[in-house]
Amino acid sequence: MKNSFLINILIIYYLFIILFVNSQDLKLGGSCELIDSNSPCFSKLNYTNFYLQPGDSITQLNKNVSDIIRMLEFTTPECKPNAINIMCLKSYPKCETYNETLSNNTNIIFNLPSLPCNSICLKAETPCKIFIDNFIKDLSCNSNFSNGAPMFPINSTDYEFKESGNFNFNVECNDNIIYDNSSSVINCPAPLLNSKDHVIPGKTTYYYITDSCILDCPFEIYPGKTKILDRTNYTLTSISFITCIFMILTFGVLPNKITHRMESILSFACGGCITALSLFIQSRQDNFNCSSDPGRFKSQSDYLCLLTGLIFQFGAITSIFWSPMIAYDFYITSTLGKIRKFGLYRIVLWSFIFVLTALPAFGGKYSATVATNCWINSDDGSAWQYVSFYIPSWCAMGLICLFSILSVINVSKMYIQTPNNRILFFNIKILITLLLFLFVLTFASSLKFYMEERMDTYFDAIAVWVECIGKGDPSQCELHAPGYDLKALNIVVIGILGFTVFIGYGLDPIVIHIWMESKKFQWVLKKCRLDKIIKLNNSINNSNNNNNETASTSSGNERKQTTVKMSNLKSTEINQQP
């Protein structure tokens, strides 16, 4: 992460330097000028007059050099002072004046630049080697001007003038620099922080812009829009949390007997509820991703970050792993069969859930990042996210697809044999729920790869922002990172995870039947003295009558209930005969 930030960001800066240097081709016929006190090189040069090329402006020259020197804050303490020396000697070359007499006794003045000595360039070559080799080869110590003259002569430069007469001048190279130790200090422009002052040895999750400058925390990728995303996320997650609580009550607390289908729905809802809980914990604290150390994002050593990371991973994997079981139950029901060895499935699923939650913790991978909350960090390119989340998600997606296709085939055959719109409506509703599962998993697992594919674009946006803050007022610089729409859609997709199961099973008439038949609910009503107001017996009878044709929705995994469904189908077929 550190090196990728460094290389991608410095490309823009050093392309800027290349453009500046290339524009400074050797042009003769210029003038000798005093070095302006506003020049950033005023205190670094041991002479007062410099050679100004024809057509150049002192004001513009000062601005260009100032911008470049500010960009050198993003190098290293070893490279910066030597690079500044080269820039100053090259941008403000010492002016040598020669007064010659022509054959007609006319005096002519030659103003010539004294170019930086090769020895000065060599002092910068080693500490700035990574930058020179990758980005500014034209500025190597062996570079030449377009007319063939060495840019950094070893001893001197020969100038020849034939138009005004046969004049040859040998001008010694210039090494009149005032060495200043203060120039080796890196001053990171706000809001960046100096790594030397803020990075704590032994602690991680710092985001380097260069070897010397790190991002401050918090850092908004989408300035001005983060609060909108947070509010949307909180609202959708709250709705999902409420529906999950309702599903837990309906299929886990109130039933007199919990069937296999109920347990699958209950487990999925518990996962959605736990996932929402991790968001609620983080939303209670402003800038939750930031540690108490300036510039450091929270890592696993911050126990609250570890806790929320574990909770989110456990909840998400729970919902993901139990969604294929819901699809499998739907398939088995469509075959009028029964799930066998459900207890074994239960043990295997929960074992994998606990292992995949704990495994990243043993690897120390739970931490916050610039773009995400506390979860599994893959900034170092490791495979922890793949092993613990994405590969299991892909397996779940494959199983959901398989069982959905098989279920559609079976339901179609069933409807052709015994047309029943109410049963068909229920089956279509479950299929829509499974499609929502697939959409959520597909989008959540593919967004990572889209973001990684666009990573260079993100780095370029950050590079432009850093270049802006390096040149002027940080308040005038705004980061324009791409992908806001996809980020917002991802929040919506993750936020409705728990709500999807409610669409398929929470709106079914069997829910009323479960509540009205529940002995626990009856006990609560009796304790609250509401049993005389709410007539359960009549409600139960009405519910039974309304659900007579859809009795298959209650379990599909019990032999007795399968028999009821078959009887109802036969009864429906008889009633529909003329």
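Using the three backbone atoms N, Cα and C, a Cβ is placed for every residue, glycine included.
Since the structure is predicted, the reported quantities are computational estimates derived from the model, not experimental observations.
Among the features that Swiss-Prot reports, compositional bias 'Low complexity' is placed at 544-556.
If you look up Swiss-Prot, you'll see 563-578 marked as compositional bias 'Polar residues'.
Annotation source Swiss-Prot lists disulfide bond at C32-C95 (among others). For C32 (disulfide bond), other Cβ atoms within 10 Å of its Cβ number 17.
The disulfide bond feature in Swiss-Prot is assigned to C41-C88 (among others); the stated evidence is sequence analysis. In the three-state DSSP classification, C88 (disulfide bond) falls within a helix. Every protein chain considered, the tally of other Cβ atoms within 10 Å of the Cβ of C88 (disulfide bond) stands at 26.
Per Swiss-Prot, the feature disulfide bond maps to C79-C128 (among others). For the recorded site, C79 (disulfide bond), the DSSP three-state label reads helix.
For C121-C141 (among others), the entry in Swiss-Prot reads disulfide bond, with the evidence type sequence analysis. For the recorded site, C121 (disulfide bond), the DSSP three-state label reads helix.
Annotated domain 'FZ' per Swiss-Prot: 27-157, in sequence order.
Under the heading topological domain 'Extracellular', Swiss-Prot lists 24-233 (among others), citing sequence analysis as support.
Annotation comment: Swiss-Prot describes 255-261 (among others) as topological domain 'Cytoplasmic'.
Looking just at the topological domain 'Extracellular' (283-305), the mean pLDDT is 89. The topological domain 'Extracellular' feature in Swiss-Prot is assigned to 283-305 (among others).
The feature topological domain 'Cytoplasmic' is assigned by Swiss-Prot to 327-341 (among others). Note: the topological domain 'Cytoplasmic' (327-341) comprises 8 helix, 0 strand, 7 coil (DSSP; helix = H, G, I, strand = E, B).
Away from its own ends, the topological domain 'Extracellular' (363-388) comes close to residues 1, 204-205, 207, 215, 219, 221, 278-279, 282, 288-290, 297-300, 305-306, 308-310, 312-313, 317, 356-357, 448, 451 of its chain (Cβ-Cβ under 8 Å, at least six residues beyond either end). What Swiss-Prot lists as topological domain 'Extracellular' is 363-388 (among others).
As annotated by Swiss-Prot, topological domain 'Cytoplasmic' applies to 410-422 (among others).
The topological domain 'Extracellular' annotation in Swiss-Prot covers 444-490 (among others) and is backed by sequence analysis.
If you look up Swiss-Prot, you'll see 512-578 (among others) marked as topological domain 'Cytoplasmic'.
The transmembrane segment annotation in Swiss-Prot covers 234-254 (among others).
Using a cut-off of 8 Å between Cβ atoms, the transmembrane segment (423-443) and the transmembrane segment (342-362) share fewer than three residue pairs, counting only pairs 6 or more apart in sequence. Among the disulfide-bonded residues C41, C121, C141, the residue whose Cα lies closest in space to that of C95 (disulfide bond) is C41. Cα separation, C41 (disulfide bond) to C121 (disulfide bond), rounded: 17 Å. Close to C128 (disulfide bond) in the fold, though at least 6 residues off in sequence, lie T75, C79, N82, A83, each with a CB less than 8 Å from its CB. Taking the Cα atom of each, C32 (disulfide bond) and C141 (disulfide bond) are about 26 angstrom apart. Across 234-254, 306-326, 342-362, 491-511, stretch 306-326 shows the highest tally of CB pairs under 8 A with the transmembrane segment (389-409). Sequence-distant neighbours of the transmembrane segment (234-254) (same chain, 6+ residues past either end, Cβ-Cβ under 8 Å): 262-263, 265-266, 268-270, 272-273, 275-277, 279-280, 283, 491-492, 495-499, 501-502, 505-506, 511, 514-515, 518, 520-521. Mapped onto three states, the DSSP output places C41 (disulfide bond) in coil.
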